Amino acid sequence: MTAPVFPFAPRDVTVEMYALGGWQDIFSDVQVADGAVITITRGRPNASGDAPAQSCTLRLNNRTGKYSPKNPMSPLYGPTGLGRNTPVRIAVRTAKDSFTGRTVSNGWTSADVGGLWDMGWTGAGSGVGDFAVSGGAGKHTVLTAASYRYTNLTSQLYHDVDVAVTVSLPFSAATGGNVEPANLMIGGLSGTDYFRALLKVTPAGTVTLAIIHFDGTVVVADTTVTGLTFTGQALRVRFARDAQNLRAKVWPAAAAEPYAWTVDGRTDRLFRRAPGWVGIRSGLASGNTNAPAVFSYTNFEVRVPRYAGEISKWPPSWDVSGNNVWTTPTTSGIRRRLGQGQTPLRGTYLRGNQTISPSNLAYYPVEEGTDATQIASGLGGAPMLISGPGKTQFAADSSFPGSLPIAKPNNTRWVGAPIIGAAATGQIQSTFLLSVPSTGETDQATFLQIQTTGTCAFVDVFYQTGGNILLRFYDQTRTAISTSAPIVPTLGLLGVPLMLSVELTQVGGNVSWVLGLLYPGDSGGGFATTPVTIVGYTIGAPVRVSASPYTQVSASAMGHITARNNIASIFALRSQLNAYSGETTSARVARLAAENSVPFQESRNVGVGSAALGRQGVANLTDLIDDAVKADLGSLYESRSVLGLWLRTRSSLYNQPAVLALDYSADGHVPPPFLPVEDDAATRNDMTVTRTNGSSSRVTQTTGPLAVTAPTDGAGAGRYDDALTLNLAADSQTADTAGWLVHVGTNDEARYASLTVNLAALAQYDQARALAALAVNLDDRITVANPKLEISPDTLSLLARGYTEKIGQFEHTITFNCAPESSFETLQLDTAGSKWDAGDSQLAAAATSTAPTLVVASPSGQQWTTNPAAMPISLRVGGEMVSATAVANEMLSNTGFEAGLSPWGNSGTSSFTQSGTQKHSGSFAARLVPTGAAATVSMGSEQIPVVAGMPVTVSGWAWFTNAVAGNFALAVNWLTAAGSFISTSLVAGSASAATWTPFTSTYTAPAGAALAQLIPLLSGTPAAGQVFYVDDLSFQGPQTFTVTRSVNRVVKAQTAGTAIGLARPATLAL
């Protein structure tokens, strides 16, 4: 039986808290009556600025002390019960089906809430008889292997959504092949276009879960569900879409829902995907022998997530009687916790050495401060010991982007701790950073010494005057057994910091060695030597690594000294050595989140990358992430579905379709107040962008209503300057970034700071639109058609930069904090919506308020496309929006005389007729017979609107009885708007007799010209026998637009000279 829905029934809300090892439904304790509401705040509090951690306030009944973490009588008491940062999630249930109260065959009929169940199937003998509701369950009967059944709710369409159902099978084991129960479907656009959570039960009882598209595209591959073996028990499955992520989980229905998702993956196919239906699919894989199999479903529900966070405080409150006790927990998104007392992350190269796999056996970063007296191990354990006559100069060299300043031995010895118990693997590698000054180092000074358990017991790496490196090998008695030839690093050594890698390999009874090198930022690198063999020796295992063992190194700096019993590629830490310079915003935020075990997801524009970044500095996690996001001019938010960070790149805002389309004139859509704010809060027309530790660029807006010029000097708003320092990869990025910021900061639209949607009112008139309102996420696009005409005639296009949502028993409002969206409408090649403005176009002729055509011209000669595939073109002229459905270049109404001579006139002729005797194309041409007495013989076209300064091109064909020598022209008469003659432009030419000759000329309209007339003329008092013909004449320059008028409800006559251009001009994306 179909149940009443909101607003005719209380809002169906789920509030759950993760405690005691599962999600606990606590909505019955949430007080939402008598004006109390759940209040959710997400995103930016205004159009600009940063987004704080999302938050939620609600009030819990605590009369029994259930929500007092220190109360031992609370059912939620204990180490896994209530505590600091208890996870909480909130959703609105929009569809559900208990499958009780009805018995149905040949279908499922209507769900309790959510509309009519539709059906689909494959396999022999399939049909509507395979669908039924009985015994409190919806049932699919699958008759054969390699077939499936599905039911779906097509009347509700979703973006972000969470679907769950419980499934029971009539057997305890799959036989012959896999069973695929409760394959939940999301994003359905058709029976062949949807995503599903592919749940499999194998004959071995193993349960696996994957996420795939109908066409076989894998989002997440088959993943075995740890700890779950199918033995016939009912299973509960959940499948969710969250922006561009899909995630799913399965667990025994009798158990509590686990916190973690089994599979979680991102797909670009969800980028701007239309909202889709949800459903349930049941199948038997090829080879299965359980058929016929009946899949029974109960407790189906569809939720739209509203909030995910964690509770950090449980403040108690009570009234004066002491009987009414409640708590208003402090709930926040993960950003609040991440921002609490963070230790700065260490340098990228240090972290790389700490996490490299297989791991280092010894590692000494040498990143100590200036007052240090020892060198700490980067892996824990004993430090390097310092001795010798000099004093180590700590923090003396900053040459390496991925490292804090490293030290100079300065005639001291650094001795590493013994490496205990290392295995002899046949490989030893030691790497270190070296910065030798341009003046060189002490001749024969040893930089590094590796000690081994083998007969090749010591390896010294030392300096030779002139910028060379040598290696010398010793046996256990310190007798030299081999010395290399001088090695000259590829890009030099003096004044060129680099990473060196000494690599030893046991090859039978011999030692093979190479010296590798890598320069920071170098994509090449490689080996300074080919493999060199030392015959008859062994390397054993590494024992110790030391620097400046003989206290000779004085001027050079060294750091990040490692030893290991395997050989890693010299490129393994290339990015870390260069502090990930050049990494994109998307990649950096994802990496930082993964390195620090912070859940993360991203919405990005397919095919459009995020900003290339400069070096990753040393700062705390949130500062590093914010640094990356700001460089992209993107936004860092938090998911409303799961606890975690959510990145929206700048490009994800480009050219968005509207998620919610409202109509100000429609009942229930836009409640008051909805008012524009004509202010300068976001105006920026003078921007300077500086690259961190780099150069800068300044861009100013010098034209238009928001130019830097003062209002008293004409058009302009005065100077609004600002400056940003961004961690960009290259100085060349600063100019484009500054230009983009000026573009956004000079948007000349009224700012609608807030838009409230009352879902209780909207749902009464339009349930589908109310569902779309729930779909709006941060930075999504909302349009409002038909706003108050006297304020703004155009459809408003807004970005939801933040919102406050209030949910009560019969109340549900969302107040969006808005900014103009049009700044993010960018040029996309080969798309219907993106067009480049022709620039200086204007009306060449006046037009009445209902005229179906407009004549458009440009002083610069730019023309609009005439391609029908590019139509319609939305244009604005004098504040009126029109839609051009066709554009024509030809201005003559009669070019080929196929229908007669009108509107052409003539002069100096004894006969002017339509003739088929001679014609260039078609069936006719114009025939002119001179009088023999007139100085010129000519014909004249209708008057064509033009604008002064514009070029026009005239062309045509002529046929003469006798040859002409420089006395025929396609001339143009220029006239004022009143029709007064100004001048004539002509270029005379010659032609042979009895043949068609082409003529073409281009002229420029003189000052004062408003009309033009094409005049084909033959001068020189042509004889009466000089009969000639003209055909296929053309006059091009102005263009005729066929238009639909008053698209934005503005009805007005338009005057000549009024500027016309794209209603929403596209800009080049950053």
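Placed from the backbone N, Cα and C atoms, the Cβ positions cover glycine too.
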- request: Using TrEMBL as the reference, determine which range in 305-328, 425-448, 689-712 is annotated region 'Disordered'.
  value: 689-712
Residues flagged as region 'Disordered' in TrEMBL, choosing from 41-60, 61-80, 341-360: 61-80
Query: To what whole number does the mean pLDDT across the domain 'CBM-cenC' (889-1008) round?
result: 94
Task: Just give the helix, strand and coil counts over the compositional bias 'Polar residues' (689-704), going by DSSP.
output: 0 helix, 8 strand, 8 coil
Message: Going by DSSP assignments with H, G and I as helix and E and B as strand, what are the residue counts for the domain 'CBM-cenC' (889-1008)?
response: 0 helix, 65 strand, 55 coil
